[in-house]
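Annotated features in Swiss-Prot:
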MOD_RES   Lys45  N6-succinyllysine
MOD_RES   Lys48  N6-succinyllysine
MOD_RES   Lys57  N6-succinyllysine
MOD_RES   Lys166  N6-succinyllysine
Amino acid sequence: MLALRSGLRTALAPRVLTPQVCSPFATGPRQSNGTFYEFRTYFLKPSKTNEFLENFKNSVHLRTAHSEMIGYWTVEFGGRTNRVFHIWKYDNFAHRTAVRKALAKDKEWQERFLIPNLAFIDKQEVEITYLVPWCKIGTPPKEGVYELATFQMKPGGPALWGNAFKRAVNAHVELGYSTLVGVFHTEYGALNRVHVLWWNESADSRAAGRHWSHEDPRVVAAVRESVSYLESQQNTFLIPTSFSPLK
């Protein structure tokens with residue numbers, strides 16, 4: 001009987017809830033907002049890259065009639081070449097589904113571009129990303145070049161490394177040598193991956209700015225903290241196409 005009473009007291013006693021760790025990268029607010037960005041990478045046949053780009057340039061209005069294109073670039077260096085990289089904005093997943101269905105029924109898009117050019121593509125990669133809550137899409141001051149810095153962070157999620165990563169990015173922003181376009185956290189694709197898109201006036205101005213930043217104690221301290229959570233990093237140098245909204 002005493003054992004039974006003790007068990008009942010334990011079962012009925014108020015539970016003490018363990019505080020949850022919050023992070024500025026938490027997916028909740030982004031998913032409630034719904035807006036996400038689709039990263040598409042096409043690996044093209046070397047002999048067909050220029051033809052593919054010219055054909056898309058002539059048909060881009062057919063595609064953008066269905067959803068917003070943020071930017072369209074070719075990869076100059078930083079991995080495999082003969083690649084194109086583009087970003088598309090969607091209000092939510094229902095919006096994307098509706099767009100894909102509409103494109104499948106758009107005969108002009110299918111006949112003028114998609115069907116004739118599919119054979120030019122060796123491989124496609126697609127990621128679904130959200131802008132981090134502390135970042136909005138930036139507007140570059142003029143035409144230039146772009147760098148996509150991709151960080152593969154340690155497992156544990158933004159609750160583990162989000163604050164340190166934010167401080168590292170902002171330390172570079174505050175120096176003013178480069179314009180931050182966006183910070184994107186992958187939802188579908190490799191997890192614990194963050195993409196940071198930067199604008200620079202030129203490759204040489206970027207190199208000079210990076211050299212300067214490495215001598216700034218604020219940047220050095222912030223990066224030293226963030227890098228403890230980093231598994232790998234890859235930088236890709238991007239050239240905007242003539243039809244890219246982001247130039």
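Yeah, the Cβs are placed from backbone N, Cα and C, and that goes for glycine too.
Positions of the features from Swiss-Prot, shown on the structure.
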residue: Lys45; record: N6-succinyllysine; DSSP class: coil
residue: Lys57; record: N6-succinyllysine; DSSP class: helix
residue: Lys166; record: N6-succinyllysine; DSSP class: helix
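Ranking the modified residues Lys45, Lys48, Lys57, Lys166 by how many Cβ atoms sit within 10 Å of each one's Cβ puts Lys166 at the top. Between Lys57 (N6-succinyllysine) and Lys166 (N6-succinyllysine), the C-alpha separation comes to 36 Å.
Each residue contributes its Cα atom, and for Lys45 (N6-succinyllysine) and Lys166 (N6-succinyllysine) these two points are 38 Å apart.
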